[in-house]
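Taken from TrEMBL, the feature (6S)-5,6,7,8-tetrahydrofolate binding site applies to 110, 114, 115, 116, 358, 359, 360. Annotated domain 'Serine hydroxymethyltransferase-like' per TrEMBL: 4-389, in sequence order. Annotation source TrEMBL lists N6-(pyridoxal phosphate)lysine at 219. Here TrEMBL flags 218 as site 'Plays an important role in substrate specificity'.
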Ligand code: PLP
C-alpha cells in the first residue's frame with residue numbers, strides 16, 4: 001500500500017483527536033467525500049453543460065446542471081457558476097470580467113480583516129490593480145462606513161468589495177450599494193466565510209444589493225474545497241454589461257467566459273458533484289439547525305473567552321468567527337498558535353486591526369465554530385474550550401501543563417465522529 005494512505009489515516013486521527021477552531025475549515029459528510037473520490041475525476045469537460053469541447057459529457061452535464069440548480073434554490077439566485085476551483089479562482093474571474101489591469105479597486109484592508117484577493121500587495125489583485133482600502137474604527141472594531149464612503153468618493157474605484165476573512169460582524173450591503181451607486185462602481189460581495197449562514201437567512205443577504213457575489217464552498221457552507229459565482233436581483237440590471245473591451249454582453253456570459261476559458265481549463269466535475277451533494281444537504285432543514293448552532297456556539301465561545309479575561313475585537317460576534325486580541329495577555333499570535341497546537345487545539349494567528357506586529361508574528365488569533373459544531377459540540381462545551389485555551393495562554397511555556405490540556409481536549413473529542421449532522 002502506498003504510504004500516502006498511511007498519511008491519510010494519520011491525518012484522520014489528527015482531525016479526530018483535536019479541536020478544530022480554524023474559522024475557514026469544516027468537516028464534510030461521507031457523501032460529499034464519496035462524490036469527490038469518484039470516477040468523475042477522469043472526465044475532461046471544458047465548456048458548460050450542453051456546450052462542451054469534449055465528447056462523452058452527457059453524464060457530467062447532468063451533474064453540473066444539478067449543482068447549478070441546487071445552488072440557485074439554496075441561495076435564491078438567478079445565476080450560478082460552480083466551476084471555480086477555489087475561492088481565489090472565483091475572485092480572479094470577477095476581476096477579469098469587470099476590470100482592465102490598472103483599474104482602481106477598493107476592498108477591506110488585509111490587516112483589518114480583508115482577504116488577499118481583495119487587493120493585497122503580494123496577490124495578483126494588488127499587483128495588477130490600483131488599490132485603495134477601507135477598515136474598521138479603532139475604538140469599536142466595526143467597519144467605518146463613513147470613512148469607506150469618503151475614500152470611495154475621493155478615489156472613485158471601479159469596483160467596491162464587501163467581504164472579509166476575519167471580521168466578526170454582519171455587513172450592511174445596502175450601505176455598500178449606496179456608495180457604489182454614487183460613484184458608478186460594480187459592487188462585489190465575497191461571502192466565502194459566512195456563506196452557510198447567509199444561505200439559511202441568519203445573516204444579511206447580499207443578493208438584493210450586490211451586482212455579483214462569490215463564495216468558497218468549504219467553510220460554513222460545509223462542502224468540498226472550491227469556489228462559486230452567483231448573481232441575484234442584479235442579474236436583470238447587468239444584462240447589458242459593458243465588458244472591459246467595450247462590448248455589450250450579458251453579465252452571465254461575461255462571467256462564464258471569465259471562468260472558462262478566461263482563467264481555467266477543464267472543470268473538476270468530481271468536486272462539482274461534491275458541491276451538488278453539499279448543496280442538497282444545505283437545502284435540508286437540518287442544515288438550519290446546524291447553522292443556528294454554529295452562530296450560537298460562536299456567541300457562547302466569545303462570551304466565555306471574555307469571562308476568561310480575553311479581548312474580542314468589536315466585543316463579540318454575529319457570525320461564526322471571532323478575533324482575539326492577545327495584547328492584554330502579554331503573548332503574541334505566533335507563540336499562542338504554537339502552544340495551542342501542542343494541546344491539539346488548531347487555530348491560526350491573525351493580525352488585529354491597528355496591529356503593531358508583523359503578519360508572521362501578529363497580536364491576535366482567530367477562532368471559528370463551523371468545524372466543532374459539525375462534530376456535535378454545543379454551548380456548554382464552548383465554556384470548557386475557553387477554559388482550556390485560557391490555561392494554555394496563561395502557562396504558555398509550561399509543557400507539562402499543556403500536555404495535561406491536550407489530554408482533556410482528546411477526552412472531550414473521544415468518540416465524536418468527524419461529521420455529526
Ligand atoms: N475570499 C475570502 C473572503 C476568503 O476568506 C478566502 C479564503 O480564506 C478566499 C476568498 C479564498 O479561498 P481559497 O482559499 O479557496 O482560494
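Quick reminder: no glycine exception, Cβ is built from N, Cα and C everywhere.
Highlighted here are the recorded positions (115, 218, 219, 358, 359, 360) whose C-beta falls below 6 Å from ligand 1: 115, in sequence order. DSSP gives residue 110 ((6S)-5,6,7,8-tetrahydrofolate binding site) a helix state. Summarised as a single figure, the pLDDT of the domain 'Serine hydroxymethyltransferase-like' (4-389) averages 96. In the three-state DSSP assignment, the secondary structure recorded for residue 116 ((6S)-5,6,7,8-tetrahydrofolate binding site) is helix. Summarising the environment of residue 116 ((6S)-5,6,7,8-tetrahydrofolate binding site), the number of other Cβ atoms within 10 Å of its Cβ, over all protein chains shown, is 16.
The binding-site residues under consideration are 114, 359. Their Cβ neighbour counts within 10 Å are lowest for 359.
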